[in-house]
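Take a look at the structure below.
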Amino acid sequence: MSLTDGNIIEIDNLSFKYARQNKCILKNLTLNIKDGQWIALIGHNGSGKSTLARLIDGLLKAESGSIKVDGYEMNEKNIWDIRKKIGMVFQNPDNQFVGADVESDIAFGLENQGVPREEMVSRVADALKVVGMEKFATHEPARLSGGQKQRVAIAGVLALRPKIIILDEATSMLDPEGRKGLITLIKDLKDEYKFTVISITHDIDEATLADRVIVLDDGKIIDDGKPESIFIKNDELLNIGLDIPFAEKIRRELTKKGVDIPNKYFTEEEMVDWLCQFKQKN
């Protein structure tokens, strides 16, 4: 099915509220996501990020409005075809594990899709190799570290060959090193396999790596753009309870101390380069 203007996801005038609640979590939200983009969804708790992800995957039903995924309208007829196109990795991978060992857990989703056994064995092996977990194929998931569990969860998603991967706070329970390793892995996989990534995160430094950042507040999109255009607006982010990137914190502190630093967005690498040049000149 052909995509409209290259949009893998099209959301129009979407509203949603939970049962027994008067207030809408999402309010007349309209959003298009291009095929192959890495999107970071940021916002404080209760802003509607995870709710939006579950609506895209068909786990929740919208109050009003429409969702299209890969050209398919979200409805009872298409919902299972849509779910085959989406893989979700959650905050706590233990909630996703159903197999006695790693390889049987990854095979579970393939069995549900009726994948022939020979192909299933090949896909499981390939997915484990891609995430660097082939040596743990016969291990119990419960005995793995947090980072290893998330790699297995990602392998389970990759084996299904989705067009969209949704990361719902997938790195929040990892230490900084594990978080960095997992994001690097996903970025490399995205570049190789050309899937779309939607990352729901509280980690602002993680969000800086996205192609596009969408800021949600009170169920509405209040900002949308490239990381450099979003994270230069420090005061606006702080006012809605969000953090700012580490490099921006440094830039703000240097400015307060009277250092003549450009009023522009810096990535961490750019900040390190600027500080090195500044030190050489002074």
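Here the Cβ of each residue, glycine as well, is placed from N, Cα and C on the backbone.
As recorded in Swiss-Prot:
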BINDING   Gly43, His44, Asn45, Gly46, Ser47, Gly48, Lys49, Ser50  ATP binding site
DOMAIN    9-243  domain 'ABC transporter'
Open item on the list: Comparing the binding-site residues His44, Lys49, which residue's C-beta has the most other C-beta atoms within 10 angstroms in this structure?
Closed with: Lys49
Open item on the list: For Gly46 (ATP binding site), which of the three DSSP-derived states applies: helix, strand, or coil?
Closed with: coil
Task: CB-centroid shell, 8 A cutoff, ATP site Gly43, His44, Asn45, Gly46, Ser47, Gly48, Lys49, Ser50, site residues removed - done: Thr51, Leu216
Task: Protein Cβ atoms within 10 Å of Gly48 (ATP binding site), excluding its own - done: 23
Task: The one of Gly43, Gly46 whose CB sees the fewest other CB atoms within 10 Å, among these binding-site residues - done: Gly46
Task: Spatial neighbours of Ser50 (ATP binding site) that are distant in sequence (at least 6 apart) but have CB under 8 A - done: Asp168, Glu169, Ile200
Open item on the list: So if I measure Cβ to Cβ from Ser47 (ATP binding site) and keep only same-chain residues at least 6 apart in sequence, which ones fall under 8 Å?
Closed with: Leu216, Asp217, Asp218, Gly219
TODO: Pop the mean pLDDT for the domain 'ABC transporter' (9-243) in here, whole number is fine.
DONE: 90
